[in-house]
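J.: If you scroll down you'll find the structure; I have some questions about it.
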Amino acid sequence: MKGLFISGSGTNVGKTFIAQYLIKFLTNILKVRVRKPVESDCKNKNGKLIPKDALLLSKACNIIESIDKICRYKFQACSSAQIASQALGLKLTLDDLVDACIADEFVVVEGAGGLLSPIATKTLNSDLVQAINVPVVLVIKDELGAVNQALLSINAAQHYKLNISMVVLNQIYPNLLGNEKEITQYTNANIVVFNQNDLKSFERQIEKILLADLIK
């Protein structure tokens, strides 16, 4: 399977936001499908659960699919997917999630939480990445403490022998902390800064990295 897995240092670091940019870039050169195999904290609208992150991914894509295809497992509880599924008596397994990720085109899969967040019964996001065997994009909120968060995520990925496509420092608010320079002293991973005021630099860097991933 060809694709990317979007993970990060935790929740609310901008995974979906960065994923949309990567998807929009990739749609310029190939057909892209998206998958959010499981999503918690879905809104209940007239008895139907609405996965907001999966909807955003779908809008960035150039292939129209049903939201149930994009996000197979939806939970209303604001908790980990593992806890949310168990609360409903559903034994969600790694095989279930792998099956929910399958696509016949290049696929961008967004996980839930960080690499070591539980996502199914005795299953972490890292287990899912291993199973579908695609490069991982690590999204880190670029703030004080980002160096530690980035290195923890990179070390976790390396421990599980995952292929790191890039680490994206998401500057939700532009800053001069210099985290990119600090992180590069401790890793050979590709470090890219997302800054709304310098999108061209971000696009140039991701183009080089993603094109290299595509020809592997």
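The backbone N, Cα and C atoms fix where each Cβ goes, glycine too.
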J.: Check Swiss-Prot for me: it has Thr16, Asp53 binding Mg(2+), so pick out which one of Glu65, Glu105, Glu110 it puts in that same site.
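T.: For Mg(2+), Swiss-Prot names Thr16, Asp53; of Glu65, Glu105, Glu110, the listed one is Glu110.
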J.: Nearest to Gly14 (ATP binding site) by Cα, among Lys36, Ser40, Glu110 (recorded positions)?
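T.: When the Cα distances are compared, Glu110 comes out closest.
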J.: Which of Asn12, Ser40 has the fewest nearby Cβ atoms, counting only those within 10 Å, among these binding-site residues?
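T.: Sparsest of the binding-site residues Asn12, Ser40 by Cβ contacts within 10 Å: Asn12.
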J.: Compile a sequence-ordered list of residues in the same chain as Asp53 (ATP binding site), six or more apart from it, whose Cβ lies below 8 A from its Cβ; state 'none' when nothing qualifies.
T.: Lys15, Thr16, Lys36, Glu39, Glu110
J.: Gly14, Gly111, Gly113: which of these binding-site residues has the highest Cβ count within 10 Å of its own Cβ?
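T.: Comparing the binding-site residues Gly14, Gly111, Gly113, the most crowded Cβ belongs to Gly111.
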